[in-house]
Amino acid sequence: SENRTGCVLSSSSEFPEGFFTPQERKDGGIVIYFIIILYMFLAVSIVCDDYFLPSLEIISECLGLSQDVAGATFMAAGSSAPELVTAFLGVFVTKGDIGVSTILGSAIYNLLGISAACGLFSSVVSRLSCWPLFRDCLAYTISVAVVLAMISDNRIYWYETASLLLIYGCYILVLCFDIKINQYLMKKFSPCCTCFTKAMEENAEQQPLVGWREESGPLIRQRSRTDSGIFQDELDYSQLSTSLHGLDEISEDHPSVFTMPESDRKRVLWVLSLPIITLLYLTIPDCRRQFWRNWFMVTFLISAAWISAITYVLVWMVTIAGETLGIPESVMGLTLLAAGTSVPDTVASVLVARKG
């Protein structure tokens, strides 16, 4: 940005003045900034997984959405909330490249980093379903191609952004008719591809995505943005996803956030995160517990405010750290911010892959 005299101002000038001078940061104070950055990554992960995503799951359940539609709308928005806030801050506060670079960097990291981590740490051979893999890869390719075409001239017009919403709407529409489209394609291509035939037989045994169980309500399965239906072991994944990102069985109350983990490594992380756990517990109703379940909209609003505040501090620290080290905002967004905001999805995906 520029001031009235025409001088170019740094992005850090849009934030409050830091607690170290530039020279103090170069002399070692930059370490404090990186510690704060790591702690903000931990904080945004906790507020998303423990409060924001569960509230969105209840909203999806109340609306009677299918698992694919819920995952591509509310769940995707929930797990991508840090990137969304970062993009807004990059456009309207720092007026730099950190917003766009974080979005593109997260996409690259999710495709390459998470896939590589799943392959490296998986202890079993994972079976993949052809149709969800093809569907999501095609949608991903189209969306990235459109974004690259939009930013190629360094200008973005309103009708270009509207086209992105149109593509997203088409993807949601495909998910609404996913079963019928899947069956049609399987019949057309099964003679030349045996995996399609096998997938068709398995899909025939599955229950519809939209509907109601007489005993337990809507057929909603809790999921994060890493759950695209690619893994075929639905039962194991559903149980794992519930424990990672969502609600326990309605008949059972969720354990307290102050329950100490059993493993020593998790205990250390739990102790380090105890201040933010306590702060969130005192300010946000936990809608995973029976007593606060009907307060899910309050949980949604307050957790969204916390995500915005934490992400503001995160972008602030990253901007100053990059300026101190002479690293451009775009590089910091493509690397540090992109990987940091995707840590929860990485952990969830690796655990899913290890279970097969």
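Even glycines carry a Cβ here, placed using N, Cα and C.
TrEMBL annotations:
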{"type": "DOMAIN", "residues": "35-176", "note": "domain 'Sodium/calcium exchanger membrane region'"}
{"type": "DOMAIN", "residues": "296-356", "note": "domain 'Sodium/calcium exchanger membrane region'"}
{"type": "TRANSMEM", "residues": "30-48", "note": "transmembrane segment"}
{"type": "TRANSMEM", "residues": "98-121", "note": "transmembrane segment"}
{"type": "TRANSMEM", "residues": "133-151", "note": "transmembrane segment"}
{"type": "TRANSMEM", "residues": "157-179", "note": "transmembrane segment"}
{"type": "TRANSMEM", "residues": "268-284", "note": "transmembrane segment"}
{"type": "TRANSMEM", "residues": "296-319", "note": "transmembrane segment"}
Handout entry: Distant-in-sequence neighbours of the transmembrane segment (30-48), which means Cβ under 8 A and at least six residues beyond its ends
Key = 18, 20, 78-79, 81-82, 269, 272-273, 276-277, 280, 284, 303, 306-307, 310-311, 313-314, 317-318, 320-321, 324-325, 336, 340-341, 343-344
Handout entry: Counts of helix, strand and coil residues, the domain 'Sodium/calcium exchanger membrane region' (35-176), according to DSSP
Key = 119 helix, 1 strand, 22 coil
Practice task
By DSSP assignment, list the helix, strand and coil residue numbers for the domain 'Sodium/calcium exchanger membrane region' (296-356), in that order.
Solution key: 56 helix, 0 strand, 5 coil
